[in-house]
Amino acid sequence: MVRGPVASFSVWDYVVFVGTVLGAAGIGLFQAIRGRKNTSSDEFLLGGRQMTAVPVAMSLTASFMSGITVIGTPAEAYRFGAAFWIFGISYAIMSIITAEIFVPLFYRLGITSTYEYLEMRFNKLIRVIGTTMYIIQTVNIQLTSRKWVTGLDLWGVLVATGVVCIIYCTLGGLKAVIWTDVFQMVIMLAGFVAVIARGAVIQGGLGKIWDDCYQGGRLNLFDFDPDPLKRHTFWTIVVGGSVMWASIYSINQSQVQRYISCKTLTQAKLSLYVNMIGLWVTVSLAVFSGLTMYSIYKNCDPLTNGDVGALDQLLPYLVMDILAAYPGVPGLFVAAAYSGTLSTVSSSINALVAVTVEDFIRPMYKNLTDKQVTWMNMGLSVFFGFLCIGMAAIASLMGSILQAALSIFGMISGPLLGLYLLGMFWRTANSTGGLTGLIMGLVITLWVGIGAQIYPPLADKTNPLPISVAGCNRTQDLNYTTLAPWTSAVTMTPLDRPALADSWYSLSYLYFCLLGTLVTVIVGLVVSAITGGCKQEKLSSDLFVRRSDLFCAGCGKDSEVKLLPPPHFTSPHPTSLSLSHTKDVEKVTKM
């Protein structure tokens, strides 16, 4: 088997790719024209709170499927096996936690920004800190651009992504983002199906692919070793993965903003359960794409053979290798990965606008008119769109160190989740305890995370599976060392590693979020008790989880949602304190 350079984009590939871009932009323009008579901030940021479960669910799934996920998950299955399938259990646990605990509370309060809750429950300082942490985290997510091996110009992709997202986010708001995500979700799944179908034809059927992966050890899913230092085991994925994904879906503005846009509580909950099915389908297709790739390259690994420079270039390489003979099909795959990028960027833009307006601008300028807020929303959409282009451009110049930055900022969600749980379940928790717990949780997770990037775990903890170049005929003078993803390119001898490197710093990355959550809750409770948490003023029961929230049987009605002011806070916008999920009725609820 000879491996080497593959074909580049054909004219028809560009046609398919450009068609996808224009389709996304067209949906945004359609939503802008359709909703031109209603330009309120509630319409722009929350779709008028009239969305239904299925499109919101598809949007939630599309947001999960970033361009990195589309390309990274198959590469994970190729190098480490199909253990990623176990995340299906984590998605189920995450969906139940989010739908039955967080959705009823956020929906009842009628919030626009997730971080409004932090001011209601604690104080304004904690709200500002939480919002700032989210903005830093979200902006740095854009630092994940990779140059693929399709011949498609990176700068062209960056500019096209930014301009298209700016158009439909600025003109169409959340509705445009959601309906564009639906379109992009279909494109992404079609890309996976194309890879699997062509691979099955080449290899002689799905059964042959399955048998190759079994012989290559890729189907050993269940490792019940309780060692928390091993990268992926049943326990790290189910326990750590569930908490990690719960932190993303429960409190991340990009996700929360979608399901609180639903017109009833039942629709909001249903959107998460439909999304769970979407995640199962998505991860199954992504993993099987990786297994297909292993079956094709089992005797000649392109990475070791020097045909690609990084693990996340394997799937694009495969596409150009096996689908280049079919004009337009490689364009479909790149459109799929590109759609994941579009979905991530558009959701980020819309969420960043929401938290900036609700958490920073409105509290400072309390007499803004609806028209002024509308123009501010549109202006901020343009600003954050160009900011995302700039961050992605910087990423393309700086290299792999940004993967470390992404991991570090991903650890922010654990302490934040702990802060929300502290406020929702323990009445004795006060602002001092919450702030102290948040800081301690953040310090601990950054400590272990930065240490893991500087001193990456050794192969006995990451467990990369064997690869071969026996079928290649040009392997002389090549470097056979293959790096695992999310690790540093610096090779260190055992003498270079401190004592913590093979213990504390080798903790599975899936436990970072759980660690931050536990530290925040425990420290928060202890400090609250020391500072007299039980003596604080009486808080509204609406700020806490209720038994009736769990699997509520009467949630099908158009429940009224009311936004509670924080203690000692008088809103300058009385209509923002209460919103009803009926079409034409708004009520003001005074506490």
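Keep in mind that glycine also has a Cβ here, set from the backbone N, Cα and C atoms.
Feature annotations, reproduced from TrEMBL:
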TRANSMEM  12-30  transmembrane segment
TRANSMEM  51-71  transmembrane segment
TRANSMEM  83-105  transmembrane segment
TRANSMEM  125-143  transmembrane segment
TRANSMEM  155-174  transmembrane segment
TRANSMEM  186-206  transmembrane segment
TRANSMEM  232-251  transmembrane segment
TRANSMEM  317-338  transmembrane segment
TRANSMEM  374-395  transmembrane segment
TRANSMEM  401-422  transmembrane segment
TRANSMEM  434-455  transmembrane segment
TRANSMEM  509-530  transmembrane segment
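In this chain, the transmembrane segment (232-251) touches the transmembrane segment (509-530); three or more CB pairs sit within less than 8 A of each other, excluding pairs fewer than 6 residues apart. When Cβ distances are compared across the two stretches, the transmembrane segment (317-338) makes no contact with the transmembrane segment (83-105), since fewer than 3 pairs at least 6 residues apart fall below 8 angstroms. Sequence-distant contacts of the transmembrane segment (232-251), counting only residues of its own chain at least 6 positions beyond either end whose CB sits under 8 Å from a CB of the stretch, comprise 60, 64, 80, 83-84, 86-87, 89-91, 93-95, 97-98, 101-102, 114, 222-226, 272, 413-414, 416-417, 420, 463, 508, 510-514, 517.
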